[in-house]
Amino acid sequence: MTAMHSKWKCSRPLLKTIPKPWTKIAGCWKKYFNNKLMKAQQKYDVSLPPYLVWPVSIKSATQIQDWGHEYLKAGEVYGKTRGEGAVVAILDTAGEFAHPDLVKNSLNRYGKNFTDSPSLIDVHGHGTHCAGIAAATDNEIGVIGVAPGAHLLPVKVLNDAGSGAYSWIAAGIRYIADLEMEGELNDLPRIISMSLGGPNSSKILKEAIDYAIGKGCLVVAAAGNEGYREGINNVGYPGKYAEVITIASMGKTGLPSRFSSAGTAVDLAAPGEQVYSTHKNGSYAYLSGTSMATPHVAGVCALILSVFPEIKTQGQLEAFLSDHAKDIYDTGEDLRTGAGVPIVPGYLDQKPGEPEEPTDLEPEPEPEEPTREKRTLLIPTSDSWKVYWKTRSEANLHELFVHDLVVEVTTDRPGPALVDELTALVEKYFTRRGFIVPDHMDYQDAVYYAGIFLKVIVGREIPVEIYRIGGYDPEDRQILFATDAYAGRIKKQELRQANTFAVPAAIEHECV
């Protein structure tokens with residue numbers, strides 16, 4: 001990560017300048033594959049969506065509690081348990097966890113590699129990231145996992161390129177089910193967490209899952225990153241199997257992620273956007289996807305099973321999780337978030353097998369007539385876009401990465417439909433428009449004008465104000481504009497001295 005540059009020309013009001021890593025969300029991944037790599041991966045049943053990631057190192061002794069950990073309120077139960085009474089097996093790209101934030105909790109002596117890659121090492125980084133979400137150590141540095149006392153067991157079923165065969169995954173599942181561990185470890189419940197998936201069913205995979213569940217293992221898997229399409233059940237396997245606890249992704253808005261697969265197989269949702277966790281080579285990184293949502297729930301399961309060892313079967317655990325989940329989308333179970341999100345304290349105050357007690361015994365009031373009052377909402381976007389800009393006299397285009405966009409909307413129809421419509425308009429805007437700035441200006445001004453023209457172009461459909469917008473160039477110079485930069489009406493002079501252009505067909509914008 002390069003140092004921030006101090007000689008910036010921009011004089012517009014700034015909220016702050018930050019060297020912030022960013023990663024693309026799942027759903028835009030195909031643009032990063034070349035044809036050769038795509039052909040090479042066709043022999044595998046499962047391939048992780050490739051992603052761009054900017055790993056960062058912790059520069060102080062401050063430990064970070066990521067937003068997903070806070071949303072699930074995991075820290076509120078650490079007086080009762082930290083997950084010491086459970087083993088979380090991460091079936092992914094790692095056969096050992098060498099990260100400083102994971103070593104203490106890891107059962108590396110039982111690590112295993114079932115892939116065509118030569119070593120246990122996590123060359124890819126995906127497995128290490130998932131492990132940190134579930135159970136990174138509470139050691140005052142780096143990050144903290146949902147269940148920081150749980151025992152992590154690494155099993156490599158995806159190779160160094162992030163691809164795998166169903167036979168490898170099935171072998172890893174059976175290995176966990178049959179593994180003999182020393183002492184009390186052998187008697188602890190085993191949670192199998194799989195942040196992976198493929199489009200097709202597999203007899204060998206299904207039989208392995210049934211075998212593991214029959215031996216008392218608890219199986220959690222990702223729904224997939226194919227996005228929501230109404231009427232289409234696009235959950236991948238193994239998440240599509242009814243026996244598996246299947247996890248979709250939600251964002252910081254409290255709404256389901258646009259990239260998250262949906263269908264009747266979805267049981268729960270959990271934080272899966274811009275999740276900060278451990279990564280390869282001792283680093284840390286932001287990643288997004290149902291891959292990140294799944295280990296959040298695996299960590300929740302470790303906390304629950306540590307308090308309630310009487311939960312012995314997959315069916316008991318799934319019912320307990322669903323009965324006390326927080327509903328965040330459509331009332332009751334829905335195709336995008338299942339029963340809702342597992343907020344940890346709500347489980348430890350219950351007893352398995354008992355329904356949640358109603359909090360209000362008063363008779364329900366008569367429904368009021370709906371009102372059409374306008375409300376002002378702050379709506380963040382989870383994406384980061386690669387866009388192009390140039391000065392008026394230039395022929396060459398420059399790259400720019402726009403992120404951390406938050407818009408302000410005043411509306412009389414708040415709700416998920418508005419958010420989805422606005423998100424689609426913003427994505428269309430950034431993927432089809434480039435920006436022209438005066439000759440004396442640079443990338444910072446391009447970020448500023450990206451916000452100006454967003455107000456104009458997106459505002460034709462939904463009136464918006466810019467609350468915050470950030471960006472960085474390929475040299476990692478950062479800028480973040482606050483709402484003051486866009487206060488008041490747009491001056492015609494600003495629109496005359498800058499402009500937008502349609503992106504040439506040969507150039508594709510990318511969601512990163």
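Note that Cβ sites are derived from N, Cα and C of the backbone, with glycine treated the same way.
Just so you know, TrEMBL annotations are computer predictions that nobody has curated.
Taken from TrEMBL, the feature domain 'Peptidase S8/S53' applies to 83-340. The active site, charge relay system annotation in TrEMBL covers Asp92, His126, Ser291. What TrEMBL records for 340-373 is region 'Disordered'. Summarising the annotation, TrEMBL assigns compositional bias 'Acidic residues' to 355-368.
Sequence features annotated in TrEMBL and their locations in the structure.
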residue: Asp92; record: active site, charge relay system; Cβ within 10 Å: 31
residue: His126; record: active site, charge relay system; Cβ within 10 Å: 27
residue: Ser291; record: active site, charge relay system; Cβ within 10 Å: 30
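If you measure from the Cα atom of His126 (active site, charge relay system) to that of Asp92 (active site, charge relay system), you get 7 Å. The distance from the Cα of Ser291 (active site, charge relay system) to the Cα of Asp92 (active site, charge relay system) comes to 10 Å. Under the three-state DSSP scheme, Asp92 (active site, charge relay system) falls in the strand class. Under the DSSP three-state reduction, His126 (active site, charge relay system) is assigned to helix. When secondary structure is read from DSSP and collapsed to three states, Ser291 (active site, charge relay system) falls in the helix class.
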